[in-house]
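Copied over from TrEMBL:
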type	residues	note
COMPBIAS	507-516	compositional bias 'Basic and acidic residues'
COMPBIAS	517-526	compositional bias 'Polar residues'
COMPBIAS	529-543	compositional bias 'Basic and acidic residues'
DOMAIN	31-495	domain 'Major facilitator superfamily (MFS) profile'
REGION	507-543	region 'Disordered'
TRANSMEM	20-38	transmembrane segment
TRANSMEM	118-142	transmembrane segment
TRANSMEM	149-169	transmembrane segment
TRANSMEM	175-196	transmembrane segment
TRANSMEM	208-228	transmembrane segment
TRANSMEM	234-254	transmembrane segment
TRANSMEM	321-342	transmembrane segment
TRANSMEM	354-375	transmembrane segment
TRANSMEM	382-401	transmembrane segment
TRANSMEM	407-430	transmembrane segment
TRANSMEM	442-461	transmembrane segment
TRANSMEM	467-488	transmembrane segment
Amino acid sequence: MGTQCAVSHPHSNSVRFQKVLYLICAFQNISCGIHYLASVFMGVTPDHICRPPGNLQNGEIWELSRCSRSKRENTSSLDYEYTGSKKEFPCVDGYIYDQNKWKSTAVTQWNLVCDRKWLAMLIQPLFMFGVLLGSVTFGYFSDRLGRRVVLWATSSGMFLFGIAAAFAADYYTFMATRFFLAMVASGYLVVGFVYVMEFIGMKYRTWASVHMHTFFAVGTLLVALTGYLVRTWWLYQIILSTVTVPFILCCWVLPETPFWLLSEGRYEEAQKIVDIIAKWNRTSSCKLSELLSLNLQGPVGNSPTEVQKHNLSYLFYNWSIATRTLTVWLIWFTGSLGFYSFSLNSINLGGNEYLNLFLLGVVEIPAYTFVCIAMDKVGRRTVLVFALFCSALACGVTMVIPQKHYVLGVATAMVGKFAIGAAFGLIYLYTAELYPTIVRSLAVGSGSMVCRLASILAPFSVDLRSIWIFIPQVFVGTMAFLSGLLTLKLPETLGKQLASTWEETAKLESENERNSSKLLPTTNNIGLEKTEAITPRDSDLGE
């Protein structure tokens, strides 16, 4: 009966409800991708020189540089090379910016250069800190208030804070609105992922979850296209913020998930939604009361299993597990650091900055399709190791390509972004399969937190290219190579039974070493699959 339920196992030919719902929610991921990378052009620093004094007097000769201006004491010398005495002054009258590429940016709006340059360097890191807080905050609210209300609130917030950032009167207001924009965008990504997974059956769950990233990549393409067409930062910000409007107009039709309603004891409301889904899909509905009774008294056991809460220390159960956890965290860190470093550094590759970012966004789409196909053919670990080593190799090759051959540099960066995107898309699933049920959500959630920390550090890594232009490639390449080596020590999970406890994990891995053939489904596995149809708790920290 569990496999026939219209909610979790849409194996019939008609799954119209799930398709429509998935497209609506995935579309909003485009807006998240937009805001995550909007600062690539909005926060760019054009060439500039110090503005001369507004009250110039006859005979005064001023030398202008990027961050200061000097007045010559000897006004009779008009030579370009002047060796006489001169007095230096700060740029109190502002700066003159090169407007050939950008008419205005957030940097030119508030003169975030020279001694205020550090304020510009905080634009993206503070946004990513908001992403970190938002994922935790709205994940909590979605469990307390429901998925639907949080989806509506975060989407409305993305529009309002996006528009507010464009009309910010000063730098600090701009940063505050961007911070809240980051929180709601991150909140939508987390809750939207959980919402979709609670409607999609296990047959399609892997493809559906991985391709949520594809819509995020489309947001990158729109950033590049809008940046090319609109060179004024506040107008650019307004246009990008309007992408969320279609979802706001449609999200009121989205129902609450039956899983959340069941967890709150609202059985009648859950049954009504199941009936609506069945009607949309032109299939027979199922009685949740009967399904719940089957799962509570069926092959899983004679009584409901209460999931015990565990803290972070359980990810360091013993030396072997501690090594595994640190390796997994390193992979999460590397994936995020590489993903954002490649994207943010696109304007420094040479050639057309907008085309560079567009190409680095396009290449993500086949990367996620590659992951979906390859991980079931050659295994999760093999694909992950291949992706990490490829990204490390791409970083190394980039460093030896002469800057005048920027086309080769962009092509190599595309290979690196493809590889790191594949690794980033796979690590969610691989982490969940590496850990037993008792700590699975904790493992994915902790990895996601490490991922957020890397996204905060990535902008600083790109800014360090002012010291040496290849610092971002050195950081990402080294981390990717080290992560690839350590991944070789992790077990393969393709076709392997998921464990519930650490003891089962050790036993299964021991059996897997003796027999690498694919395990056949067992009665217990089938029972667990039916239970997951009602209690998909492991998806709660999937993003």
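Any Cβ shown, glycine's included, is placed from N, Cα and C.
Computed from a predicted structure; not experimentally measured.
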For the transmembrane segment (149-169), which partner among 118-142, 208-228, 234-254, 382-401 gives the most CB pairs under 8 Å? 234-254
With the transmembrane segment (354-375) as the reference, find which of 118-142, 208-228, 321-342, 442-461, 467-488 contributes the most Cβ pairs under 8 Å. 208-228
Is the transmembrane segment (442-461) in contact with the transmembrane segment (208-228), using at least 3 Cβ pairs under 8 Å (sequence separation of 6 or more) as the test? no
Result, the transmembrane segment (234-254) in contact with the transmembrane segment (20-38) (3+ CB pairs under 8 Å): yes
Given a Cβ distance threshold of under 8 angstroms, which distant residues of the chain, six or more beyond its ends, lie next to the transmembrane segment (118-142)? 36, 39, 42-43, 45, 106-107, 110, 112, 150, 154, 171, 175, 178-191, 194, 260, 340, 344, 448-449, 452-453, 455-460, 463, 540-541, 543
Across the domain 'Major facilitator superfamily (MFS) profile' (31-495), average pLDDT on the 0 to 100 scale: 86
Counting only residues 6+ away from its ends, which parts of the chain sit with a Cβ under 8 Å from the transmembrane segment (382-401)? 331, 334, 338, 371, 374-375, 408-409, 412-413, 415-416, 418-420, 422-423, 426-427, 430, 470, 473-474, 476-478, 480-481, 483-484, 487-488, 492
Name the range, of those listed as 234-254, 442-461, 467-488, that has the largest tally of Cβ pairs under 8 Å with the transmembrane segment (321-342). 442-461
Cβ-Cβ under 8 Å with the transmembrane segment (467-488): same-chain residues at least 6 beyond its ends: 327, 330-331, 333-334, 337-338, 341-342, 345, 348, 381, 384-385, 388-389, 391-392, 394-396, 398-399, 416, 420, 461
Six or more residues out from either end of the transmembrane segment (407-430), which same-chain residues have a Cβ under 8 Å from its Cβ atoms? 206, 209-210, 213, 217, 328, 331-332, 334-336, 338-339, 342-343, 345-346, 349-351, 356, 359-360, 363-364, 366-368, 370-371, 375, 380-381, 383-384, 386-388, 390-391, 394-395, 397-398, 401, 444, 447, 476, 480, 493, 542-543
